[in-house]
C-alpha cells in the first residue's frame, strides 16, 4: 500500500499541473516545498541548491545549447529554405509531392538540430504558404507541419536522448543511433499517410515552380502565361506541371548540398567515434556559421546576434526545466517512491506486457501536462529502476520514452508544436488538433511495433 508521502506527492503534483504555473518553476518549488516539509527549511534549501548546481554541471549537457544555437543559425541562413526547395524539385511531380517534400526536409532539418520546436516553426514559415498554393486544406497542412516537427525529437541528434543519456549514464552515441531507424520509418509512414489523405480529398495538383530564397513565384505568373505555362527561375525554365528536367534537379541539389552534408558530418562522426555528442554540437554550430558567412553569404552580424540571443533565451528556459526536474527527481528518490513502485509490481505479479502498457499510459498522461524535458526528468527516476528490475534493454526503453515524449509535443493541452502551427499558419487550433491526429496515430502504431520488435531500436546501436 502506498505511504502517505507518495499520496501527498501525487496530490501536490496534480495541483501544480492544474495551476498553469510555468512547468520548470512549478516542479522546482513543489520539490523544495515537499523537502521543507520532511527535512526542514535549511536542509531543504541546501539540498535544492546543490541539486540545481549538479543538474547543470555536466559536459554532456553542453550539447543542448549548442544544438539550439545550430538550429537558430540554420533558420537565419536560409538553409532550411534551400533544403525545402530541393525536396520540392525532386518530389514536385507527384500529386502530394509538396507534403512529402515538407516531411523530407523536416527530417533533414531535424538531423542537424535535434529541436522539434525550431523545426516546426522554421518549416512552418517556409512550407505553409506553398502548401496553401497547392490546395492543401488547413487540416492537412497541420498534419504535415506537426508530423515534420515531431521528427526533431526522434532523428538524432535528439536533445531528449542527450538528457536521457546524462541521467542514465548510457552512451549518447548509441542512443542517437537508436533513433535512426524509427525516424526513417516515421518519414516514410508520414509521407504515405499524407499522400493517401491528400488523394482522398481530391484537391491536389502538382507543386508550383521552385523559387529560391529572395524570389516570388507569384510575380512570375504573367510571364508564365505568355510563355506557354512556364516560368523562369534560377534553375532554368520550369513548367507549371512540375516537369523538372535533370539539370534543374542538379542545380537544386547543388543549392542544398551544404545543408545535406551537415547531418552526414554530425552523425557519421558520432557513429565512427570521431567525436562525442557535445563535440558534434560544436562542430555543427561552427559549420553553419562558416556556410552562412562565406558560402551562402546570408548570415550577417545582425542575424548572427539574433541567433545568439534567441539561443540564449531558449537555453535559459531549458535550464530552468532541467533544474526543476532535477529537484523533483531528488524528492522522488528521497521518498523512495521507485522502491514502493517495485514492491507494488512484485506484489501484484504484473506481466511484462501489462506493465509496459501501464507505463505507456502513465507517460502519455504526463505528456498531456508536462514539457518534454520535464517529462523525462520526472519519468526516469520513477521508471528507470523498473527497467533495471525487469531486465529490459535500456536503449529500447529510451526509444519508447522518446516516442511518448514526442506524443506530448502534438497532443493537447500542452502540445507546444500545436500552438506554433496555429500561430504561424493562422489556423484555428481545433483544425490543428484534428490534423495532428494523423501523426499521433502513426506514432502509436510505431510504438506498438517497437514494443514487439525491439531490434528496430537496438540493431544499429549494437553495430557500434
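Backbone N, Cα and C define each Cβ position, glycine as well.
According to TrEMBL, the feature domain 'TRAP C4-dicarboxylate transport system permease DctM subunit' maps to 10-456.
If you look up TrEMBL, you'll see 208-227 marked as region 'Disordered'.
The annotation transmembrane segment is assigned in TrEMBL to 52-75 (among others). Within the chain, the transmembrane segment (52-75) has long-range Cβ neighbours (under 8 A, six or more residues past its boundaries) at 28, 109, 112-115, 118-119, 121-122, 157, 159, 162-163, 165-166, 172, 259, 277-278, 280-282, 284-285, 288-289, 292, 299, 304, 306-308, 310-312, 314-315, 318-319, 322-323, 325-327.
Sequence annotations record features per position, and here TrEMBL assigns transmembrane segment to 103-128 (among others).
The transmembrane segment annotation in TrEMBL covers 140-164 (among others). Note on the transmembrane segment (140-164): residues 60-61, 63-64, 67-68, 99, 102-103, 105-107, 109-111, 113-120, 123-124, 127-128, 131-132, 170, 172, 175-180, 182-183, 186-187, 190, 193-194, 197-198, 201, 266-267, 270, 277, 280-281, 284, 318, 322, 372-373, 376-377, 380, 398, 401-403, 405-406, 409-410, 417-418, 420-421, 424-425, 427, 431-439, 442-443 of its chain, located 6 or more positions outside it, place their CB under 8 angstroms from a CB of the stretch.
For the transmembrane segment (176-198), the list of distant contacts is 94-96, 99-100, 103-104, 107, 110, 136, 140, 143-144, 147-148, 150-151, 154-158, 161, 204, 267, 270-271, 277, 395-396, 398-399, 402-403, 438-439, 442-443, 445-446, 450, 456-461, 463-464: same-chain residues at least six beyond its ends, Cβ to Cβ under 8 Å. Residues or ranges marked as transmembrane segment by TrEMBL: 176-198 (among others).
Sequence annotations record features per position, and here TrEMBL assigns transmembrane segment to 256-274 (among others).
Cβ atoms under 8 Å from those of the transmembrane segment (280-299) belong to residues 62-64, 66-67, 69-70, 73-74, 76-79, 82, 112, 157, 213, 258-259, 262, 265-266, 269-270 of the same chain, restricted to positions at least 6 beyond its ends. According to TrEMBL, the transmembrane segment annotation covers 280-299 (among others).
Sequence annotations record features per position, and here TrEMBL assigns transmembrane segment to 311-334 (among others). With a cut-off of 8 Å between Cβ atoms, the residues of this chain six or more beyond the transmembrane segment (311-334) that come close are 9, 13, 22-28, 30-32, 34-35, 38, 47-48, 51-52, 54-56, 61, 64-65, 68-69, 72, 159, 163, 371, 373-374, 376-378, 380-382.
Summarising the annotation, TrEMBL assigns transmembrane segment to 354-383 (among others).
The transmembrane segment annotation in TrEMBL covers 395-421 (among others).
Taken from TrEMBL, the feature transmembrane segment applies to 436-460 (among others). Sequence-distant neighbours of the transmembrane segment (436-460) (same chain, 6+ residues past either end, Cβ-Cβ under 8 Å): 142-143, 146-147, 150, 177-178, 180-182, 185-186, 189-190, 193-194, 197, 356, 360, 393, 395-396, 398-400, 403-404, 406-407, 410-411, 415, 417-418.
Only pairs six or more apart in sequence are counted, and the transmembrane segment (354-383) with the transmembrane segment (256-274) gives fewer than three Cβ pairs under 8 Å, not enough to call it a contact. Long-range contacts of the transmembrane segment (103-128) within the same chain: residues 67-68, 70-72, 74-75, 80-81, 83-84, 86-87, 91, 141, 144-159, 161-162, 183-184, 187, 190-191, 194, 259-260, 262-263, 266-267, 284, 288, 372, 406, 409, 416-417, 420-421, 424-425, each at least 6 residues beyond the stretch ends and with a Cβ under 8 Å from a Cβ of the stretch.
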